[in-house]
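One structure is given here, and the rest of the page talks about it.
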Amino acid sequence: VYMLLYNLRYKSQALTNLQIFLFFLNGAIFTFTSLILALQAHLYPSRAKAVLFDPATTIFVPTLALNVATLILGLVNYAFPAKVVSWETLEVLFYCYVVLALVICIPLLVAWYNKPHDLKTFTPAWAFLLFPMMLVGVVASRIISTMPLDSPQAVSVLFLGYMFQGLGTCMTFFYIPIYLSRIMQTGFMEGHQANGAFVMAGPPGFTVKDFSRPPELANDLQEMMTEEVGMVFFGVGVLMGIFLLGLCLVLFLMALIPYYSKLHKKLSEVLGLWATTFPIVGMTTALRLLGDIFQSGTLHFAQHVMTAFVFCAYVVALTFTVLALYKQQILFSSSEQVL
């Protein structure tokens, strides 16, 4: 949410303070969750192993890396302008994130595909196995904005950004035909899976965000990369961005229109609501980038509408999560389940 608020065209001190508060709140939630998982692994290693290799829960392990990515982006947005961190530090964090994404995604992909899976049980959440690698490109595009563009380090970051963006995006796009095949056989997803349908709008949106970067980021990286080459990068990226934005909007509407009628209104399934927020961040940011490129007020208006939508979804998800936690509908298990 703070990334969406940061991309709004209209700035104010109150809005900036809200963004910083949400950034620290995200960091606190991430720290708390990591400590709880580490404590579980230490006290109940057998249960932690079961969670890691259970088909229903292992797909959410990569969300650890996704959260790290959002924290790095927050540092770029708030800590770097305040000179709290340097671009060299951010570069090191970028490479640490690349290693983290590979260490998490590759073993889980191997373990996941070591067994067959029924197409009728497919959920878009399976794409989370690839999301961390796809977000390398998103993180790279923001890290580059802090670096001297004529430095060799910037060339390396740009190369890795494009490479991982292509790898993650192409692999995730393979899931979209599987998703369409699934709903052709079973109809729109119901219950907590209805939340996961929004995940399919994520890969096209984040790809638009990464490819529709300003042309100067490709122009001045190295002497051998001329202005013409930079404009080719830019032109191809914008063309792909326009194509993929249409796909992203269709997938978003396919998830939104049947959502209320298919969702189970149970507090025990409230954690699935969070799947409605993060994937839409890419599409919303893409609207801002393309709006700037074409100087389109319509795209900027759509960006503000989507930002308000995601913010409201965030508030609703947070409210019901706290309520479910208070009523012990989530995060509380019996001794048999824990042991």
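Cβ atoms are placed via backbone N, Cα and C, with glycine included.
Taken from TrEMBL, the feature transmembrane segment covers 20-39 (among others). Residues 1-2, 5, 48, 64, 67-68, 70-71, 74, 77-78 of the same chain sit 6 or more residues outside the transmembrane segment (20-39) yet have a Cβ under 8 Å from a Cβ within it.
Long-range Cβ contacts of the transmembrane segment (59-80) within its own chain (Cβ-Cβ under 8 Å, at least 6 residues beyond either end) map to 2-3, 6, 19-20, 23, 26-27, 30, 34, 52, 86-87, 90, 93-94, 97, 100-101, 104-105, 108, 112, 125-126, 128-132, 135, 138-139, 142-143, 145-146, 278. The transmembrane segment annotation in TrEMBL covers 59-80 (among others).
Sequence-distant contacts of the transmembrane segment (92-113), counting only residues of its own chain at least 6 positions beyond either end whose CB sits under 8 Å from a CB of the stretch, comprise 53, 55, 58-59, 61-62, 64-65, 68-69, 72, 75, 126, 129-130, 132-133, 135-136, 139-140, 143, 157, 160, 164. Feature annotation from TrEMBL assigns transmembrane segment to 92-113 (among others).
Marked as transmembrane segment by TrEMBL: 125-145 (among others).
Annotation source TrEMBL lists transmembrane segment at 157-180 (among others).
Sequence annotations record features per position, and here TrEMBL assigns transmembrane segment to 231-259 (among others).
The transmembrane segment feature in TrEMBL is assigned to 271-290 (among others).
What TrEMBL records for 302-326 (among others) is transmembrane segment.
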Folded-back contacts onto the transmembrane segment (157-180), same chain, C-beta under 8 angstroms, at least six residues removed: 91, 94, 98, 101, 119, 122, 124, 126-127, 130-141, 143-144, 147, 200, 202-203, 206-207, 210-211, 217-218, 221, 247, 251
